[in-house]
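Comments concern the structure below.
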Amino acid sequence: MEAAHSKSTEECLSYFGVSETTGLTPDQVKRHLEKYGPNELPAEEGKSLWELVVEQFEDLLVRILLLAACISFVLAWFEEGEETVTAFVEPFVILLILIANAIVGVWQERNAENAIEALKEYEPEMGKVYRADRKSVQRIKARDIVPGDIVEVAVGDKVPADIRILSIKSTTLRVDQSILTGESVSVIKHTDPVPDPRAVNQDKKNMLFSGTNIAAGKAVGIVATTGVSTEIGKIRDQMAATEQDKTPLQQKLDEFGEQLSKVISLICVAVWLINIGHFNDPVHGGSWFRGAIYYFKIAVALAVAAIPEGLPAVITTCLALGTRRMAKKNAIVRSLPSVETLGCTSVICSDKTGTLTTNQMSVCKMFIIDKVDGDICSLNEFSITGSTYAPEGEVLKNDKPVRAGQYDGLVELATICALCNDSSLDFNETKGVYEKVGEATETALTTLVEKMNVFNTEVRSLSKVERANACNSVIRQLMKKEFTLEFSRDRKSMSVYCSPAKSSRAAVGNKMFVKGAPEGVIDRCNYVRVGTTRVPLTGPVKEKIMSVIKEWGTGRDTLRCLALATRDTPPKREEMVLDDSAKFMEYEMDLTFVGVVGMLDPPRKEVTGSIQLCRDAGIRVIMITGDNKGTAIAICRRIGIFSENEEVADRAYTGREFDDLPLAEQREACRRACCFARVEPSHKSKIVEYLQSYDEITAMTGDGVNDAPALKKAEIGIAMGSGTAVAKTASEMVLADDNFSTIVAAVEEGRAIYNNMKQFIRYLISSNVGEVVCIFLTAALGLPEALIPVQLLWVNLVTDGLPATALGFNPPDLDIMDRPPRSPKEPLISGWLFFRYMAIGGYVGAATVGAAAWWFLYAEDGPHVSYHQLTHFMQCTEHNPEFDGLDCEVFEAPEPMTMALSVLVTIEMCNALNSLSENQSLLRMPPWVNIWLLGSICLSMSLHFLILYVDPLPMIFKLRALDFTQWLMVLKISLPVIGLDELLKFIARNYLEG
């Protein structure tokens, strides 16, 4: 049944053709079950494990590597002699890399799907219904409840479906619906229709929502919707429909991969075509087919050389290290790739309650009457420090500390706060903080009593557990609470009836203490308390009191005000009818006004500084709250989202105002606005969509089930540590301390991580460019192989991987939070950088080939062949006069390969030093600023020595140990790369960056 909240109870009953007393007939139940289906959220149809595995191989680079592995595997079958071990190592290693990558990918995907399953925990198991086949109420499984069922709920129950309340069987019915609406206090329900068909969930005061909890009272209602049609079901559908987008870096790497695969394909084809004339060379035994296979192997080597196999592992390691650093700052990252996305966040949409504020109501102002002279009335106004439930803070008058006990009015005010109250404070020893037990508003009053300490109780020697309620206990010993007249909507107040304790001399007779909404309480006051006397309440005095309350309730503070009053001579206990709440108003008459307290959910101390940091970093902060607009704007002014006197007409909207705008203006509003009040979860998703249409990268916070769709849709969903399991599983990050400042720290970390990733991605790619140039040159010039795939894999994975990982430890730039967020479209490698890598890569390739050629042409222990013989080595046979006196086996010697590999590794170590900074010289930023990098370079070189000097590794890698002169040559060829890069950095600094 749609819009059940706007219908009367009679309309709801007749819509389903049911009576409130008997319930549905078995026949109706059957029909409704067929029509509406069972009352449960369908399980999510997740992808099968096989589908997830196949998805990991949709990447072009992965497919090229897979093809290369298959081809090498086939070729390895046909190898003979010693070669076979080496030949099988290569496809085996490639497959291992691919399997490892696929496992990581599948694991991450699996995590993402748990969000929808977590909604299940809010499904109630059982429900209590009235049906025509039984006289009394019966318990049935919640999934069997159908629309039209008459359901009974009582305190402690979980609501089994969306229910329109028919009758309330207790004084009040309070429901905790924070999981759905994010409201921090429980909501009082009623049975009257809510005439607005577009009312937000917070305003549907006659509805109970599936999955919420009954906090107090008992009621009977009719089921309006079940299963997916309930509010929680709609949330599930929104989540199921939300597709996860790739992070900016993932998109960049995908684009890069596609370009790279096209380039690889072109180069492979080019190498084949250049050498097509060599297919018949004698070295292949004159067989065209074997020649083709040989060049096929070179093409495979090229593919292996061009793909940075170590990159996924290095990125994962760097992100994992980043998440550890973030965890120390209370930001727990659930999805690794999102660490980098944080770096380009341009908008943070934050909840107000608990994130920007402490979610700990605290009294910050109060007043009592100072004196009344005819119609002239003066007040004593006080402010109170401290913004949490901790019983620490001072009472100030005119900004100077005062002792509350010296004001009689404050003693009585503290008495009312302590007695007209069912809550208390509790010191949580594991967390080391004070927490509320009971309602937030009442706990604020309990804390106020502790701060006031009107009877000068000795509290310094008490432990924190004893300190929690010390002053309240003293007051409660003086007066004994007999009974409570519960809060009700019509009188908007509650009261307690107290009698003096036996030993007490303080109070003379019985008293009634009242607290409630100021207008309601003051209307029932005939007197005001001045010191210890009472004075009749006149019109002008009442006006003065109401004007201060109005001033506190609007303007900068927008405090929530409570009036406190006493009935000095209440009726006798036995004359009061306590089970008829309609009579409560009569008993709370003839009151004496004592004072007013103003409370708010105060902003966190560190938030103002964080918002300024965001402003400096070019990040817009938008506050989104279910609170009313006045309170929202006031908090925005307090924390610096709006300045004190800024005009906010087109920068703050309620959910309703936003909906009333035409679509184009809604989109425009999201571009300007910094405050949305009275919003529903669906608005959050809409706001994220509009922001994304402007290419903004949005971080969205939330803690309730209702926030889950928006958390899933935003690039960065941020759940609160105290939030629901659904919100946590739908998010990328969880704030352990629920603190807005933690988000800003995480953004800073994200920016630093991205900068470091840029450095090592570029470092690894320039290494691959060098390898490709090397293989291309050997093939184009007709030289013997300088590097084989197994060696390339070793370099890409191990020797390059270690320094690349260490580059992730580069210290962040000092001005990292003074720059605007980078655009997600900013390329990883721009024009000039591309030229730089080609230049460095060209040098690496030429140096590697040069080192191999040097051994053939000039080395003391080399064969001293001529350049012509070297470039035509394929025609070498015993009968060819050009190669007289030369053993053709020499062209397959391991020494030139060892020279080439050693030069490649040494140059890469120099390149790692070059990558310490994008444009800073090594003289300005010396190697020891990143001690990890120096360590990893030493480790990489040690591993290189390992494969050169420790058997049987040289045989597997086809290498031979080098002597001192050969190592000197390696250094001579390698070190100039530092000079070359310094020159390119100098040009970039002085001529390209203005």
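Residue numbers in this text run from 1 along the chain shown.
In case you wondered, yes, glycine gets a Cβ from its N, Cα and C as well.
Listed by Swiss-Prot as binding ATP are Thr353, Glu442, Arg489, Lys515, Arg560, Thr625, Gly626, Asp627, Arg678, Lys684; the candidate from Asn330, Asn380, Asn398, Asn706 that the record includes in that site is Asn706.
For the Mg(2+) site, Swiss-Prot gives Asp351, Thr353; the one candidate out of Asp27, Asp660, Asp695, Asp703 that the record lists there too is Asp703. Cross-referencing Glu657, Glu908, Glu918 against the Ca(2+) 2 binding annotation in Swiss-Prot, which names Asn768, Glu771, Thr799, Asp800, picks out Glu908. Screening Thr25, Thr569 against Swiss-Prot annotations picks out Thr569 (annotated as phosphothreonine). Of the candidates Thr171, Thr441, Thr558, Swiss-Prot marks one as phosphothreonine, and that one is Thr441. Topology check against Swiss-Prot: Gly291 and Ala961 fall in the same compartment relative to the membrane.
Cα-Cα distances to Val304 (Ca(2+) 1 binding site) place Asn768 within 10 Å, out of the binding-site residues Arg560, Arg678, Asn768, Thr799, Glu908.
Taking the C-alpha positions, the distance from Asn706 (ATP binding site) to Ala305 (Ca(2+) 1 binding site) comes to 50 Å. Look at Thr569 (phosphothreonine): DSSP puts it in coil. Residues of the topological domain 'Lumenal' (778-787) grouped by DSSP class, helix first, strand second and coil last, total 4 helix, 0 strand, 6 coil.
Distance from the CA of Arg678 (ATP binding site) to the CA of Asp703 (Mg(2+) binding site) is 16 Å. For the topological domain 'Lumenal' (70-89), the predicted model reports an average pLDDT of 70. Cα proximity to Ile307 (Ca(2+) 1 binding site) (within 10 Å) is found for the following recorded positions from Thr569, Gly626, Asn768, Thr799: Asn768. Distance between Cα atoms for Asp351 (Mg(2+) binding site) and Glu771 (Ca(2+) 2 binding site): 51 Å, as a whole number.
When the recorded positions Thr441, Arg560, Thr569, Arg678, Glu908 are ranked by how far their Cα is from the Cα of Asn796 (Ca(2+) 1 binding site), Glu908 comes first. All protein chains shown were included, and the count of other CB atoms within 10 Å of the CB of Thr799 (Ca(2+) 2 binding site) stands at 26. Between the listed binding-site residues, namely Glu309, Asp351, Asp703, Asp800, the fewest other CB atoms within 10 angstroms of a CB are found at Glu309.
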